[in-house]
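Shown next, in structure tokens, is the structure this report addresses.
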Amino acid sequence: MTLGAKIPMCAPIMATKIPEAPKVGMVSLGCPKALVDSERILTKLRSDGYQMSADYAGADVVLVNTCGFLDSAKEESLEAIGEAIAENGRVIVTGCMGNEAELIRAKFPQVLAVTGAHQYEAVVNAVHEASPPIPNAFVDLVPEGGLKLTPRHYSYLKISEGCNHRCSFCIIPSLRGDLASRRIDAVLREAEKLVHAGTKELLIISQDTSAYGVDTRHEARQWKGREVRAHMTDLARELGQLRTAEGTPPWVRLHYVYPYPHVDHVIPLMADGLLTPYLDIPFQHAAPSILKAMRRPANEAKVLDRIRKWRDICPDIAIRSSFVVGFPGETEADFDYLLQWLDEAQLDRVGAFRFEPVEGAAANDLPGAVPEEVKEERYQRIMERTAAISAARLQAKVGRVLPVIIDEVGEADEDGSIGATARSQADAPEIDGNVFLRDVGEGLAPGSILNVLIEDADEHDLYGVPSV
Ligand code: SF4
């Protein structure tokens, strides 16, 4: 699972005529799923008449949305709570670490309330108690699509909570429970609202996107006069029908996909331009014995063949993945197997992690702990190998014309030239690379999509100029 950096937030949203409305500050930690939770909480609070505070000093109460996935993430969460208490003093804790309320209270007895992940109502009630809302506050200050912590042009869309798997290194199911899928019509309605509100790129997230709807037996609902099932392929097909104000399909990225057989059915949608040719598949390892010990879902031998077939159908498909090295019992032969597998798979982007025991995870009891120095050495080797593959794949794009989405436009330099930071379809925000543009001309805004000629590449990023 991807762990994100601390996300600076508390952005002032817009002017209000109720100067005395209480102000809420927020620090959001953890993965994109936690970010979506933060957005929901803030949207609710905003509709209750609260204002957002851009700094600790101006906030009547500070929310810390924590991550409890890895011990290092817990540390970061505790640090953030400590900082909020030191800077403001009135702090409410929510998120995954809410399951460890006792630990938090023992360390920070001043904390006003502790609530767990997805307990939106509880956290909103805690804010009401700590700093009551002003009666008759304006309720129409919430933009269509709710409040967003991501830039306006891209949005995360969470399709389910929890997970039915029991990967031995993971405690997410005990933190977040079993898979609970949202209704397909609710998901599509939210997607449509976001696109109408200006979203140009939807990032589909969950713990296991391929398993969407398994818990509801893929319950069907009516949507636009059609019957659609809560199933990844139906979802992908319907998202491919959405259109932005410019009449183009929004970019739609699938994250946290496991290679179940039905993933093959979404590849033609990518080839047809209805789905962004991008798959984020956390493979975690390739050696059969390690995958078995990890208890990974959809662990089957033919993945390399399928990747080849996917590329035959959609040559531009970008595959991102993450891997764990130094898992208990990983031998030198297992690790070599992984490196060879990576040579064949030629993945576009790879994140690697050294195995770290997580309190409460079954993997902690497995025999064959790998010494730290061996983990480190394997980590360096996998990073080198995958960086070389990524660099070669980026180099192969030099000379091509590719669509990019603009994230940020710079100021004109002394020659009047304006640069911009963009991403190609192979780059998800925050986790992949960028396309740095020169001479973009005036009038370009974040969210614009344009074709660019790729002029250069390095290990992570591309460089280009608008194509004429
Ligand atoms: S699929 Fe495995 S790693 Fe991902 S949330 Fe479920 S149990 Fe955890």
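Using N, Cα and C of the backbone, Cβ positions are placed for all residues, glycine too.
Unlike curated records, TrEMBL annotations are generated automatically.
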Among Cys96, Cys163, which residue shares the [4Fe-4S] cluster 1 site with Cys31, Cys67 according to TrEMBL? Cys96
Those binding-site residues among Cys31, Cys67, Cys96 lining ligand 1, judged by a Cβ under 6 Å from any of its atoms, are none
Least Cβ-packed of the binding-site residues Cys67, Cys96, Cys163 (other Cβ atoms within 10 Å) is Cys163
Can you break down the domain 'MTTase N-terminal' (22-132) into helix, strand and coil residue counts using DSSP? 56 helix, 21 strand, 34 coil
Cβ atoms near Cys31 ([4Fe-4S] cluster 1 binding site) (within 10 Å, other residues, all chains): 22
Euclidean distance between Cα atoms of Cys96 ([4Fe-4S] cluster 1 binding site) and Cys170 ([4Fe-4S] cluster 2 binding site), Å: 13
